[in-house]
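Colleague: My questions will all concern the structure given below.
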Amino acid sequence: MSPVTHHIALVAHDNKKVDLLRWAEFNRGTLSRHHLYATGTTGTMLEFELGLPVTRLLSGPVGGDQQIGAKIAEGVIDMLVFFWDPLEPQPHDPDVKALLRIGAVWNVPMACNSATADMLISSPMLSEEWTGRPDFTPRTWDGEQPSA
Ligand SMILES: O=C(CO)COP(=O)(O)O
């Protein structure tokens with residue numbers, strides 16, 4: 001039986017990049033069995049340090065967070081490790097909030113610090129086909145005119 005692979009997104013703000021790199025190096029073996037995605041700078045550093053392929057999107061402040069959020073909404077990404085910086089304001093704070101929000105909407109397992117990331121990466125659920133994705137009924141235009 002082939003091992004289950006997941007699509008894992010990794011993102012870190014500048015002051016948290018070293019923490020994420022350390023965490024990813026420690027978990028390199030496990031991460032190597034999955035498809036990795038990252039925002040631009042985080043992805044470049046991860047590829048360099050881990051020597052693993054990473055699908056790199058744009059840098060966070062210029063749309064990368066939104067791209068990760070879109071992939072969550074499309075059902076591509078099924079786990080997010082996002083070491084955001086709680087001690088420094090970010091110019092793209094609305095994008096950061098939007099990413100965290102869409103992850104919550106789609107019930108994606110999200111880790112915002114290494115303690116939670118350790119728990120997610122060591123979860124037995126990581127070796128199972130798993131989706132906690134809610135089944136939203138799309139609200140489509142049904143052609144009815146609003147009553148006057
Ligand atoms: O800003 C980010 C997340 O909000 C991360 O972007 P970079 O990986 O390009 O630094």
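Note: Cβ is positioned from N, Cα and C throughout, glycine not excepted.
Fair warning: this is a prediction, and the values are worked out from it, not measured in the lab.
According to TrEMBL, the protein carries these features:
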| type | residues | note |
| --- | --- | --- |
| ACT_SITE | Asp65 | active site, proton donor/acceptor |
| BINDING | His13, Lys17, Thr39, Gly40, Thr41, Thr42, Ser59, Gly60, His92 | substrate binding site |
| DOMAIN | 1-148 | domain 'MGS-like' |
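Explain the structural surroundings of these features, please.
Modeller: For the recorded site, Asp65 (active site, proton donor/acceptor), the DSSP three-state label reads helix. On its own chain, Asp65 (active site, proton donor/acceptor) has Val11, Thr39, His92, Asp95, Val96, Ala98, Leu99 as residues at least 6 apart in sequence with a Cβ closer than 8 Å to its own Cβ.
Long-range C-beta contacts of Thr41 (substrate binding site), restricted to its own chain and to partners at least six residues apart, with a cutoff below 8 Å, comprise Asp14, Lys17, Ser59, Gly60.
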Colleague: If you draw a 10 Å sphere on the Cβ of Ser59 (substrate binding site), how many other Cβ atoms land inside?
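Modeller: Excluding its own Cβ, Ser59 (substrate binding site) sees 16 Cβ atoms within 10 Å.
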Colleague: Counting other Cβ atoms within 10 Å of each residue's Cβ, which of the binding-site residues His13, His92 comes out lowest?
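Modeller: His92, out of the binding-site residues His13, His92, has the fewest neighbouring Cβ atoms within 10 Å.
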